[in-house]
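Shown next, in structure tokens, is the structure this report addresses.
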């Protein structure tokens, strides 16, 4: 099923796990070296920045090749179906390359595999769209392809994408084929999300699904988010309201129910996160509190936005400061010890970029003249083919 | 999952009984770390609070009175600085151990409110008159001093953006390209100079041991500002024949690689530099108007191949270390 070499993947996981315990001093240097010698990793897994660069280069390269092919046959390709033919052909070539790279040269998370997956999928879907397939069909094929890709190439982003494509297909099917009422739609998505979440929790701990456990844990975040979206008043009102042709400002039927779920679901997540020690639930719950505040503000004007910001900021600083003090010595299995924070170089680079971005930059003084004008260098590599 | 992996290793005889017991014990008594979550909440809280206060004050200006507001902002800022100064261990040029998590965020809040304090004074009372330079120069001094004195990377980023603002360039990552009018020669020169200053500061940090851990942040700003300015220079400054500015970029990249271990040992910088050169080459090819679109695509494809080759080489170099 999986395209990557299983023995190599196992070795990869063993070395990762062993390195983690070595850093905590649980195994000795000799043991670490013995493990490395017995389970060597020959996979080509470059640094994350190289991976992103390679993925970009592969995508751009494939688009250029695509352009060359279309150019070569400009005269032949009057009909959309023959263009679609070219897309299918190139898609198959890319898939072939993908298999080649993951087998012959054991690429694993190298950016080349990411790029080729995106390109293959993109070309196939473009082909189907050119064949004038209906939207439900396109979402079905997208889902079908992503599931196959995911089973063969369990990448994290692909897991989330696959889950999204399943949701998109279910949505398109219910809306276009059955014409289901909005409430049914909400219930179906709710059940689907809940089932997915339960399933992911099961799968993650199973040893035989070990290659999938990382990407699947990302899916569980997505499942919790879609579960909330399916019962969030704002989402149901805006999407459902369109389908039921509600007037703007008209309330949603069963609105009280959705108001309760909008407010209660994040709290349930946080509660589960604390009692079950589940990071997925805790982080999503905390994030969704903000979504709840936003939803309420969308319909009820309680306070001006700056007051909400001040109060929220004050409460957040207060709670965090109190908890940091309270948990100075670990209590109830929680710790604020800094040693668990990932201090890797990549993380600290990202953090410093985020800080630089969010730090309110002072206005550049106006006497230097001419600000806010258009940029002359926007184009870059992206827009030129 | 982890225990299972080590049980297998134990069966193979690669892990001793003693280590296995340690791993099992660690696995069962695992604490749930929440430091990262709490830090994020604190950080967002500080940001919300400072910007919320800003808007609140702005809207209620006529009812509260300016003096009261200025006094309030000054009090918050001063309070934070006093707290930080009290908690702070003795100053060193090395990396300082943070006394507490709260300390970091109060230093940040103090600096944020200080900047609003100065901006407010200028906007309301025009304290610095038309000397706009002074209005940004004073925060620049205070921020730079705070960054070193309190040893805070976030404040250092603020100080660098402030230096840029003082020189007339906007350098927040999102606005580096969009908010600057690079068709103005002045901005391009300012950008080139700023990039060089940052790279110079990075060098000083490392070699004089002036907070050696600031090296990376300086270099990060320096590389991006310098390379974007060099791309802009291609359009606005003297148009050197053919590949003048690309050659310049190549030369700069070589020098950075040769003399800065922080660049040489970081895949991040090498990838970023490779991408900038690639973009610059594509721009030049697009400009030269080859006429034959097939040829154009083909050259671009060739360049993309070179980019892949460069990236693979970078990775190989990194692996060796």
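A Cβ is built for glycine as well, from the same backbone N, Cα and C atoms used for every other residue.
Quantities reported herein were computed from a predicted structural model and do not represent experimental measurements.
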Correct range for transmembrane segment (source TrEMBL, candidates B:15-35, B:267-287): B:267-287
Stretch contact, the transmembrane segment (B:105-123) with the transmembrane segment (B:293-312), Cβ-Cβ under 8 Å, 3+ pairs: no
Region pair the transmembrane segment (B:216-236) / the transmembrane segment (B:267-287), three or more CB pairs under 8 Å: yes
Contacting positions for the transmembrane segment (B:187-204) when only residues 6+ beyond its ends and CB under 8 Å are counted: 160, 163-164, 167-169, 171, 180-181, 210, 214-216, 218-219, 221-230, 232-233, 236-237, 256, 259-260, 262
Predicted model, mean pLDDT over the domain 'DUF2157' (B:9-152): 79
